[in-house]
């Protein structure tokens, strides 16, 4: 059975052309079905360079590329986002924070719709701060929660507060967890992910330019988060989950933890260690894609 992208916008049908401004793409200038019609997996992450390196990695893993191959940025006409494609895998950067990933997802979902893609899986691969986990642990998100630990995404639309669900696909999370057990290279857990509006005060850090609470208050808050099921903190998962749900797309969030926030606020690991940590979600998702395609 083919499951197509569900667009929650009847106004789009009346438009002669849809310009995806932040991608520098448009239905009047690009043949979306020809360019993207074979896409089955979309991997998104904050950094453009990280998503390019993931493209090179997955190309080799799928036998579609060789070391040193170059992959052109499909969105070269803009510096907002970067997009790369190899075989059935689309790799897109989303920047940092809810507003940035939200804009990207609106245009990505429309792109997949215009391309007539079906049975799409979208996975955010990224970094995060862990709570009660060793640095380098990978967290597969069960549900995204806000800074008060509620599983919801709240947005003001036309002056009114709209609340949307942030549950993620349970079966997909279990499938990813099984993949991690099979590769058996790093600690992986399924847990809740807290999505905040800020990197510093919003995450209870003591090292920002402004901080009007003490360490005891910070630790109490983080322990409450842990007790509620939160295992990591980042800044994109809530709107990601909400938009996947509304578009009938199976989505997952797979993030590595760069530090244990119960032990500190600053990321102090060496560059080489951090690079290896950041490759862990890529390895897990790469194995998942290979397994789905029958290449394991």
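Glycine residues also receive a Cβ, built from the backbone N, Cα and C atoms like all the rest.
Per TrEMBL, the feature domain 'Nucleoside phosphorylase' maps to 40-289.
Under a cutoff of 8 A between CB atoms, and with a sequence separation of 6+ in the same chain, the neighbours of residue 80 (phosphate binding site) are 22, 23, 95, 103. Feature annotation from TrEMBL assigns phosphate binding site to 80, 124, 125, 126, 127.
Look at TrEMBL and you will find 203, 205 tagged as substrate binding site.
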(request) Quick one: pull the CA-CA distance for residue 124 (phosphate binding site) versus residue 203 (substrate binding site), whole Å only. (result) 20
(request) For the phosphate site as recorded (80, 124, 125, 126, 127), determine the largest distance between any two Cα atoms, in Å, rounded to the nearest integer. (result) 20
(request) Output, ordered by sequence, the same-chain residues six or more apart from residue 126 (phosphate binding site) with a CB under 8 Å from its CB, or 'none'. (result) 45, 46, 234, 236, 253, 254, 255, 256, 281
(message) If I take every residue in the domain 'Nucleoside phosphorylase' (40-289) and average their pLDDT values, what number comes out?
(response) 97
(message) I'm trying to understand the geometry here, so how far is the Cα atom of residue 125 (phosphate binding site) from the Cα atom of residue 205 (substrate binding site), in Å to the nearest whole number?
(response) 23
